[in-house]
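Shown next, in structure tokens, is the structure this report addresses.
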Ligand code: COA
């Protein structure tokens, strides 16, 4: 039994914020952000554009994109997010209700920026085991709600977005391998220190540090090392070699990281697909929104072998090898 990709879509908030606009309110510049990261613009949510709302819209876009499918209904929804609508309950049941998917299995997972790869691996296992016949996975984050607007080392890097993919069981196989890993020894590299049980259980119970923090330089090096390892492992598991790869879609955090990864696998620059200049780092939405962009403009073609890879808080990492489906997918960002 194989796992087939039949739908893909994404969503961003209406408000676009350029580097120039950020430079007016922060001690930064278009020149610094562009040369150090490659990011030019990102979208910021308004108060109504929550994680569930962006997830819902991405889900609608994915459902509309399907051109070939049997009649079975979506029976599982996985939302990968580290910025849920509420700490309790999970966001996925709400999104399932908004999408009118019925009383289905619905769960969140949190692997921060690696969330989509973790969700893909879980989705793949649920379908191959026969537990699910048709599944929607969504990567969605509204990082503007956890960033300190005065912190120039994080605020310019992130954008808000959601991306959704629909998978079914099939004789075709579009997921050739998945690989994931983690190392909790490094939880402090990417973190929101307070606001969870650790701070609530302290005698003073103070939530002093509720903003997102990242040790940029160390994360930069670990991201390269672990995405390199992940791509190698996923290729080995798929039985393919780097010469068989048409495109790589790395997590969209920094163009310099993406360039290094493609050099390490001797891929040319056109083979590393990007969307970060337009959307910034959208955390769990980063991989699906990049896929949408390149399916829409026709870069990604049927039969292409694509390696997706990510790195994020936890720390976590992972990769998957995809064979792009033969049937058309009308992918869109709405
Ligand atoms: N505008 C202007 N200057 C800035 C700035 C900004 N937005 N952000 C940082 N700087 C300054 C720093 O204060 C520092 O100044 P100093 O030398 O006077 O101390 C200088 O620029 C260099 O900072 P540094 O942190 O060394 O920059 P960098 O080249 O490492 O780039 C990141 C910073 C965050 C862009 C980069 O480290 C990175 O992309 N890390 C990985 C992120 C990632 O992969 N995340 C994935 C998981 S979410």
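Just so it is clear, glycine is given a Cβ too, placed from its N, Cα and C backbone atoms.
Any TrEMBL annotation is an automated prediction that lacks curation.
Here TrEMBL flags 113 (among others) as active site. Residues near residue 113 (active site) in space but far in sequence (CB under 8 A, at least 6 apart, same chain), listed by position: 190, 251, 253, 281, 283, 284, 286, 310, 311, 312, 313, 316.
For residue 251 (active site), the number of other Cβ atoms no farther than 10 Å from its own Cβ, over all displayed protein chains, is 29. Annotation comment: TrEMBL describes 251 (among others) as active site.
According to TrEMBL, the active site annotation covers 281 (among others). Within 10 Å of the C-beta atom of residue 281 (active site) sit 24 other C-beta atoms, taking all shown protein chains into account.
Mean model confidence for the domain 'Beta-ketoacyl-[acyl-carrier-protein] synthase III N-terminal' (107-184) is a pLDDT of 98. Among the features that TrEMBL reports, domain 'Beta-ketoacyl-[acyl-carrier-protein] synthase III N-terminal' is placed at 107-184.
Taken from TrEMBL, the feature domain 'Beta-ketoacyl-[acyl-carrier-protein] synthase III C-terminal' covers 237-324.
Look at TrEMBL and you will find 252-256 tagged as region 'ACP-binding'.
Sorting the domain 'Beta-ketoacyl-[acyl-carrier-protein] synthase III N-terminal' (107-184) by DSSP state (H, G, I as helix; E, B as strand; all else coil) yields 24 helix, 30 strand, 24 coil. Counted with DSSP, the region 'ACP-binding' (252-256) comes out as 2 helix, 0 strand, 3 coil. Residue 281 (active site) carries a strand DSSP state (E or B).
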